[in-house]
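Here is what TrEMBL records for this protein:
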TRANSMEM  194-212  transmembrane segment
DOMAIN    197-479  domain 'ABC transmembrane type-1'
TRANSMEM  232-251  transmembrane segment
TRANSMEM  336-355  transmembrane segment
TRANSMEM  413-442  transmembrane segment
DOMAIN    511-735  domain 'ABC transporter'
TRANSMEM  806-829  transmembrane segment
DOMAIN    806-1080  domain 'ABC transmembrane type-1'
TRANSMEM  850-871  transmembrane segment
TRANSMEM  935-963  transmembrane segment
TRANSMEM  1039-1059  transmembrane segment
DOMAIN    1126-1360  domain 'ABC transporter'
Amino acid sequence: MEQIPAGGANAMTAHEISLNSPVKTLSQWRRNVGRALEAGLGLSSCPFAFYAIADNSLPRTARAILSASGGKAPSLTMFSTWRWSRSGSYERVPGGLQAQKCSPEKSASFLSKMTYSWFSRIIILGYNKPLEREDLCELNESDSSYTVCPIFEKHWRKEVLRNQERQKVKASSYKEAHTGNPSLLSALWSNFKFVLIQVALFKVVADILSFTSPLIMKQMIIACEHHSDFGWSGYGYAVALFVVVFLQTLISQQYQRLNMLTSAKIKTAVIGLIYKKALLLSSVSRKKFSTGEIINLMSADAQQLMDLTANLNLLWSAPFQILMAISLLWQELGSAVLAGVAVLLLVIPINALVATRVKKLKKRQTKNKDKQIKLLNEILHGIKILKLYAWEPSYKKKIIEIREQELEVQKSAGYLTVFSMLTLTCIPFLVSLTIFGVYFLLDEVNILTAAKVFTSMSLFNILRLPLFDFPVVISAVIQTRISLDRLEDFLNTEELLLQSIETNYRADHAIGFTNASFSWDKTGIPVLKDLNIKIPEGALVAVVGQVGSGKSSVLSAILGEMEKLTGTVQRKGSVAYVSQQAWIQNCILQDNILFGSVMQKQFYERVLEACALFPDLEQLPNGDQTEIGERGVNISGGQRHRVSLARAVYSGADIYLLDDPLSAVDVHVGKQLFEKVIGSSGLLKSKTRILVTHNLTLLPQMDLIVVMESGRVAHMGTYQELLSETKHFTHLLQVFSEQERDTSKNLEFRILSMSVYGKIFTRDNERYSLDQGKQFSMRKEKIPVGGVKISVIMKYLQAFGWPWVWLAMVTYLGQNLVGIGQTLWLSAWTREAKHMDEFKEWKQLRSNKLNIYGLLGLIQGLFVCFGAYVLTRGSLAASRTLYSQLLNNVLHLPLQFFETNPVGQIINRFTKDMFIIDIRFHYYLRTWVNCTLDVIGTILVIVAALPLFILGVFPLVFIYFTIQRYYVASSRQIRRLAGASRSPVISHFSETLSGVSTIRAFGHEQRFIQQNKEVVNENLVCFYNNVISNRWLSFRLEFLGNIMVFFAALLAVLAGNSIDSAIVGLSISYALNITQSLNFWVRKACEIETNAVSIERVCEYENMDKEAPWIMSRRPPPQWPSKGIVEFINYQTRYRNDLGLALQDITFRTHEEEKIGIVGRTGAGKSTLSNCLFRIIERSGGKIIIDGIDISTIGLHDLRGKLNIIPQDPILFSGTLQMNLDPLDKYSDDELWEVLELCHLKEFVQSLPKKLLQEISEGGENLSVGQRQLVCLARALLRKTKILILDEATASIDLETDNFVQTTIRKEFSDCTILTIAHRLHSIIDSDRVLVLDSGRIREFDAPQNLIQQKGLFFEMIMEAGIAQDSETKK
């Protein structure tokens, strides 16, 4: 058998790699080299090679390949990236910087950049056809994640170093350590300060220009008041007004573009830092931050930081605009303005109270969201257990409880919104009312002229936005402070210290422990104690021991995953790791094996052959190009382990850490894997191999055996040494021997294996989970095209509640009518003010006018308050209804759905989509309705004042709707693409967190960081196109608004003396406001369409095929099943209508309390049979009868609740041990302790600090796999039913414990019908009868003795396992 050459596959083929495209700079070349090498591309000559080898910024794999190729360096041609496929999904395909189109923005002219005309091609294309990923413009290089992330990481490292210096200074000055952490805010400012200053300059200019137009309007009104002919000056005013508003549009759009892209770059930089940190977390930190919490940091907290950055300039801009407005108002109304300032000052403490309340609510909401994501993540990953045990209602209740807490916070926030809306509407009104009132009191002769009123009203309108935005941005700052604290807490948490492992030493051993003790945290009790082990290079070492003895922990200590408390650890060379629970990526099978290495065809095929994967490739739809789903759901457990082993073998490492990979495969497959891969003649024969195993058969072939007991090395030596010197080791062998003698006694067998004692399996774990043959692949997320159906909006309104809908419409109509009435009242007031001498009681009349103005304001405020209240109540009802429907639909979906759909897609609906429904959608609806009424009211007022204005309205409206139609079609699809591009980011992040130990063991951190940049960059491309499309629209709509302003001003000039000054002021002030209203109206219309996709996605599962009802009208008797007789009658089933039968013509009947063994080769249909019993898949014909009841006639929970199963995969949920044993809280503590004792867990649980209330970490990671399996066994013992299915129930526990467990099962379930799927030999042979399946049919069904005598398929399997009938014993 050939072995791996030194350096592995990379070293064998590095000279074959050729990359040819030129680069301009060394930094660009270094960046390209890293990307190319991490994608498995090769190298060709380059004069800068020595720079790259010395460049530590390159990934470790990249530097290794460079060194192996003699220092010859490449240039970039292509690298792996994510692309949008025509099938409507994101997938990773070849491409990259050379394949990408350069952004047209870079080559566009100055005028095109200012007007965004260069983007018109995309808008037109999107109108003609639904946009796809390849249609979008690429990012500028400076905006890409490849550029942003490395630069920010350097600034973060500098901040960390500065903090360390500060600590030293503080420590020396005050003789105590400085406890401050590095500041993320400081690092962000250091990195982005110049672009933030540039954004601020744009904002200053735009704000100044916004105050210029009211001043020009004032001059026009004054000219009209003096009854002078405008002449050329009038035209000059009109042109000046147009120029000012046009310049304001240009500057504002550049400000918005730069501001949004900068905020996105900040989010990208933070995500990159979070991802990199997640790869470095120590075991202590992983306990502190669950997967859901880390994902929430990336999605929610990084997004919060981005949102604040987008509004950051309001912190100074709002006060600046308020001061500017007050100063200009002073010129109009004098010291009366101080009264308005006093009103503003009175509001500040109130806003401060609101902000404090918001901060508390934000903290509560963040905790609720963390809990919700964490629980959802666990439910979706453990959905099979929930369905098998009928636990969906229990966990649904837990989710709903968290959701109700979230909605309670949302309700409180909604009532604060009522106050905010009141502030937005009433403060400008109160300020104006106060100022006007004081203005009259200061001097009786003071009158409100048209110039004063409409200039003041324009300034009040400008003042409205900063007055509203300022408290909002203060609240956002408070919320972001919380997010920053959370981010800093995570980024400054403890990292894995690889320095604890010594790698440079001269001794000839590959691994060495000297007086070493380890714990999972620094303050914890040592898990491994006083290890003294020396493993020679090239040795084959077995680590054995009972469950919880510390076998897997030894491998973790070698990897550096544990905290070293004392002693030294030495390790020489690179490492490959095969974890006990195989970690598989969501990519094609070939990429899972290559794992970033270069393809070397001959060696690749040798690895496939040695790992027995060729037969599997023949069954998979596309061979090694078949896409493997998340967590390897569409391949069997044994296949997952063999793929994981093949990945390790192909890596060409020096040291192999193998955590019981043979326990999950057939005995003949395990034998092949040992002989061709692990053993003395295998591919790894010259490598150092450490094998954790329960298979005592292999021990005679080991160079060294380490026996672990309670975290210590109990015994160590060769097989013969331990056999002759160690009683404990002999005892282990005796236990196994007794099991085999029991078997021989029953069936008169003898072991023909050459080893002294053998651990024999007849089970076949090579089964296909759910879909026999796995003829399905992962479903890609489909992106809808075209407009959103009106039925989707109607569904939301229905959930909102029609009474609330009509109340809201009436309220907003009243609010806008009263607002128009206020302005018209002021206009009439100014006209009468000119003739004050004609009124004898002008003072009383003025007071009445002011009172009516105040009354109108009060009515408007009441309308606003009631509208906000109605919106809050209705939106809460909609959120509660849609979330409940989503959760209910998901829990009723069949298991196959979860095996073919990435978890990230489902969680995205519960998080991102529900967030939009909770917070944004009703806001967009309200804003759109308000803008619609505002635009209609504005046009009607201007037309009433200037009838000729209607001539200009029609063409402008036509152009306006044309622009809107083009924009909405493109923008809608861009946003959909952006939504779909988020799922790969979440999925890749989640996948990385679940496999972080494997990634670190292989040293592939940099490659995964690069992949994260790729998926983030794809999301950035969509965001960039969305930003530019918004700017394209805003510029054109504001330009139309500018023309309306110019047209209104021009009509006023043309009217000359025939028009009243109040009419001039009214028409121009309304025209100035219409620009923003028009822009908002189209934008919000598009937002509604785009965000309605979230409602569409949330309701999508409603129309999918569901499982049968949980409870049906016909219910079985409470004591059912009382006998446990299972009967299959002509049963057949298929996984999908387009597939062949998975089971056919299955007919058999069990007796009462009979023990049935179910065996068969790979894909025979064993697991399909058990799935049919639980109705995980439904029948295509025939029926299953249990104790006289056809199971298809009763509800799923009535069925599943009366069956019992001990599954192969030991899935636990975060929470207490008690909750994992008894989530429905049905049993007493005494009953729990009783089953723990039966499962040999009582002593272990009693040693825990909190006993039954001990917290189990996410996925049960603080228990060994064997302990998890025993907890699952205890769970089954609690639910004692008449029918028990055993599915690999003791696959992960040692022989001695297995012996106890088997005895327990036989005793506790003696009065039950037991169906055992391919269990260990003694379990199968103890069965009363054995059912042999082949290709979905029953081949044999009889007592084991009879089947062996018949020498059929069962006999062949016995022979393959190394067992034959002992004729001598028979005699």
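Each Cβ is built from the backbone N, Cα and C atoms, and glycine gets one as well.
TrEMBL annotations: computationally assigned, not manually curated.
Within the chain carrying the transmembrane segment (850-871), a Cβ under 8 angstroms from the stretch's Cβ atoms is held by residues 414-415, 417-418, 420-422, 424-426, 429-430, 433, 436-437, 440, 804, 807-808, 811-812, 814-815, 818-819, 821-822, 825-826, 829, 922, 926, all 6 or more beyond its ends. As a quick check, the transmembrane segment (232-251) and the transmembrane segment (1039-1059) clear the bar of 3 or more Cβ pairs under 8 A, pairs 6 or more apart, so the two touch. Most Cβ pairs under 8 A with the transmembrane segment (336-355) among the ranges 194-212, 413-442, 806-829, 1039-1059 are made by 413-442. Using a Cβ-Cβ cut-off under 8 Å and counting only residues 6 or more beyond its ends in the same chain, the transmembrane segment (1039-1059) has close neighbours at 213, 220, 224, 227-230, 234-235, 237-239, 241-242, 245-246, 249, 942, 946, 948-949, 952-953, 956, 959-960, 963, 1067-1068, 1070-1072, 1074-1076, 1078-1079. Summarised as a single figure, the pLDDT of the domain 'ABC transporter' (1126-1360) averages 82.
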